Structure formats: structure tokens, C-alpha cells
Amino acid sequence: MATTTLNDSVTTTLASEPQRTYQVVVAATKEMGIGKDGKLPWNLPTDLKFFKDITLTTSDSSKKNAVVMGRKTWESIPIKYRPLSGRLNVVLTRSGGFDIANTENVVTCSSVDSALDLLAAPPYCLSIERVFVIGGGDILREALNRPSCDAIHLTEIDTSVDCDTFIPAIDTSVYQPWSSSFPVTENGLRFCFTTFVRVKSSADESSDESNGSQSLQFDGKKFLFLPKMVFDQHEEFLYLNMVEDIISNGNVKNDRTGTGTLSKFGCQMKFNLRRSFPLLTTKRVFWRGVVEELLWFISGSTNAKVLQEKGIHIWDGNASREYLDGIGLTEREEGDLGPVYGFQWRHFGAKYTDMHADYTGQGFDQLVDVIDKIKNNPDDRRIIMSAWNPSDLKLMALPPCHMFAQFYVAEGELSCQMYQRSADMGLGVPFNIASYSLLTCMLAHVCDLVPGDFIHVLGDAHVYKTHVRPLQEQLLNLPKPFPVMKINPEKKQIDSFVASDFDLTGYDPHKKIEMKMAV
């Protein structure tokens, strides 16, 4: 298509048409610096490839995308690369002397609004799949947080770079992270790719309180506008794809409960804790239960009644009189789980008597040791906490499933790798992902670090046969943005936290899906 200029008369004609929404693609430093002397102040080939891939690729091969840019941005593109091939180049200029006559795939407009009006009308509404605003500074300052901006694809440059052009910070009251890549380093610069999606039309839009979190109530299908290369990067697909694979290809196995499972061995998921919190959204996960159980572990308690009194009943089945008698713990008081997780974390090696005893100063406090090593010897390869104590297994109501955690410090970040010998994909794993992610965030907080990665290694990853149908229902749901979790900055001691110290915002999952626990 030859060059087109949109004038005021055409703008008037298009005023009745709805404007196109758009997505922003930009690379910026922590200070939101984007340029120096009219140029990019970095050389990041991986970022340039990402820019090309996201702006060029369409799901419909008969369509193309549009890239909207200011005149200075156009002129900063090397002549041999302009116009950007395979895309409609929309150049914003009010200069009458700007001449790009006879240039294919280029149109000029006088403003962002006039460009969006043009792209909403024929023929462009039929031929353009997505609209990307790509710069420069003036255009991005106007476009970044407008209601018509659906998403922001931000290359976050973690290293300080001298810039003279800046854009506003992303308004996190209306945008939430959809995906964030793991950091990489190229030409001395550390960076990652993060996509933010609009979840509210404005910061004033109300939210509801639900399940101990602030809920925004948005539809998972709303985010299908994202390029597939971005949509598929949502980390919940790691879990969903694993469940689907186990149901389709798992080994048929018997188990101690007599229920029967489909099982695979040696699976792994890796979650990025830097921007969001991996609380699954394709079904509701009991966040308050996650928090209270972890605090119960940290306290060293083995008394299921402590959780019961708070309305948390996840341990009831393994603490009942019938169950304890059934595994030979006939002398054990109902509710006494024996030397399970919290006892091993805080009193490893101590002799267990019952849930009422005071074990202060007894055994080895692994949690305190982990914190001490993170603070004082962060390069130690022995920053480890184990709940697996063979000499105590016979005394436990249930041997530990999530049994071994190793912590790793680098770049001012704390990461955790946890090994889980037995992984109930339907009920347990969503809880375990959240629990160890929260533990990592807590330890980072008390050690003045920031959360990094949570790597979840699963030994026997299984789906109970009774969970196949509800999990197939869950697989039909599309993910929504993970929530954001913040910790009370006033609390710096691991034993000082209470449930209200954890602020979870933007959690709006699909409905709860019932699954019966196999005991």
C-alpha cells in the first residue's frame, strides 16, 4: 500500500468508529530510561529479536500488524531497515515537510488518536491483526498508561545505563504481570522480558475481598488478545501441561490408599518470583490455608488442632482417631501428627514425645541455620533444610512428601529448589507451589534479599484416578494473571509473622473444583 496521510477531514469521518486498542513494546532501565541522544544506549541482539518476533508474527497469515512510532523514531531506524518489513508502519508527525512519498507499507498520522481512528476503520480494521506502539519518548509518555493500552511488553534492563529520555512508570494499580522471563546477561547487561496486562480500566475501579485476597474479577478469555508467543509463557501452563501429560501418558500404579494413580517420575517446574506470585488461577487455591499451614510449620507445631481452630482442615484426615489407629499409632492422642515437617525444621534429631511437650533448645534448628548461612555465608552449597528423618518416619502420621529444600543466593536474589518425593497433582501440588514460594519470599525478606526462582522437582508425580475428571474440568480453564504478594516491611524475624502480614492483590481465580483427598 502506498503512503497515506490522515488529515482532519478524515478524522472527522472516522470519529464514530471505535478506536483500536494497542500494546506497547519498549525496553527500559529501572529508572524507565529508554534512550540517549536519540538512540538506544545498549546493544542487545536478543531484545531486537524479541521486538521483531512480537511485532511481526500474526496468528492469521493473511493479516499483518501495525507499528506506531514518532517521526524521530522512524528516522533513527537505519535506512536499510525502514520501513520495518512485514508490518504497516504508522509514523506520527505534524511536519508538512515530512516526505515519504511512494514508500510501501507506511502511513502518516498527526497523533496517537488519529492513528487509532485510522486503524479502526476499513481497510485497516480488516487487514491489521494487532497494533503496537513502539516509541519514541513523547509517544510512549502519552500512550503507556492510557485505557486503550491492553498490554505492555517491557524489556527490563536491570543494569544502570546512562539515559536522557524517560517514560512514566507502569501503573501497577491497573496492570499485572502476565509473564516474566528469567534474567539473562548480554554484553554486560542483565535483563528480562516482562509482559503486563491491563486488568482494570482505571485505578479507581473497585475490587472485592475474596479468599483473603483482593479480587478484580476478570475473565480468562480476556487475555487471548496477547500474541501466542507471550500468552503461552504464562507459568501456570507448566502445571497444566504436566497434568495433561500424566493423564494421557502416565503409568498406571497402585498406592497405599487403594485409590490407584496415573504417575510419571522425575518432573520439574520453575517459577519466577520476581514480579508475581504463583498461586494457580485455573481453580481457586485456599490462600489462607497456605499461609496458616506454613506459619504452623515455622512454629514447629505438630498439633493439627491448632489449624482446626483457625478453620484449616487440611490435616484432619491424617489426624483422626480412625486414621492413627489404622497405622498403628493407637497410643497417640487424636490431632497429634508426630514429628512431621515443623518438628524436623526446628528440632531435627530431638526425641519426640507428644504434641504438648516443650522442645525449646532440643535438636537442631535447621530454619535458623538456613537463615544464618544465607546472611553470613551466601555462597555455601549446604544451605539445606530436610524434613526426611528416617529414624522418625515410623512416628509420623504421614512421612513428608515435600522433603528437601536447598537455597541459593546470587545477584542479590534468593532462590529455592525443593524436592517432593510424592506429588498429588490435583490437591497437593498447587498448595506446595504456593507454600514454598511463600517460604522463599519470607526468607528473602528477613535476609534483605529479593525473591528469585522457585524450582519444584517432583519424584512420583501422580493423578489419583478419582481426580481425573475434576482435573479435566480444570484443564478447560484459561489462566489469569498471577497475583502480586507483598510482605509487611516492619517484620524482619522469621518467628514474628502472622497471616495478616501477607498482602495478596489481584487474585481472581476460576471457581473451586472439588477433589476428595485420598487418605
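Our numbering is plain: 1 for the first residue shown, then up by one each step along the chain.
Positions of Cβ are set from backbone N, Cα and C atoms, glycine also.
Source: prediction; values computed, not measured.
The active site annotation in Swiss-Prot covers Cys401, and the record cites similarity to another entry as its basis. The substrate binding site feature in Swiss-Prot is assigned to Val25, Asp47, Ile134, Thr155. Among the features that Swiss-Prot reports, domain 'DHFR' is placed at 21-198. Feature annotation from Swiss-Prot assigns N-acetylalanine to Ala2.
Features per Swiss-Prot, on structure.
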residue: Val25; record: substrate binding site; Cβ contacts under 8 Å, 6 or more apart: Phe51, Ile54, Thr55, Phe132, Val133, Ile134, His153
residue: Asp47; record: substrate binding site; Cβ contacts under 8 Å, 6 or more apart: Ala27, Thr155, Phe191, Phe193
residue: Cys401; record: active site; Cβ contacts under 8 Å, 6 or more apart: Gln420, Arg421, Ser422, Ala423, Asp424, Gly428, Asn432
Remaining residues near the recorded substrate site, that is with C-beta within 8 Å of the centroid of the site residues Val25, Asp47, Ile134, Thr155: Val26, Ala27, Phe50, Phe51, Ile54, His153, Leu154
For Val25 (substrate binding site), the three-state class that DSSP assigns: strand
Thr155 (substrate binding site) CB neighbourhood, other CB atoms within 10 A: 22
Number of other Cβ atoms within 10 Å of the Cβ of Ile134 (substrate binding site) across all protein chains: 25
DSSP-derived structure type at Cys401 (active site), helix or strand or else coil: coil
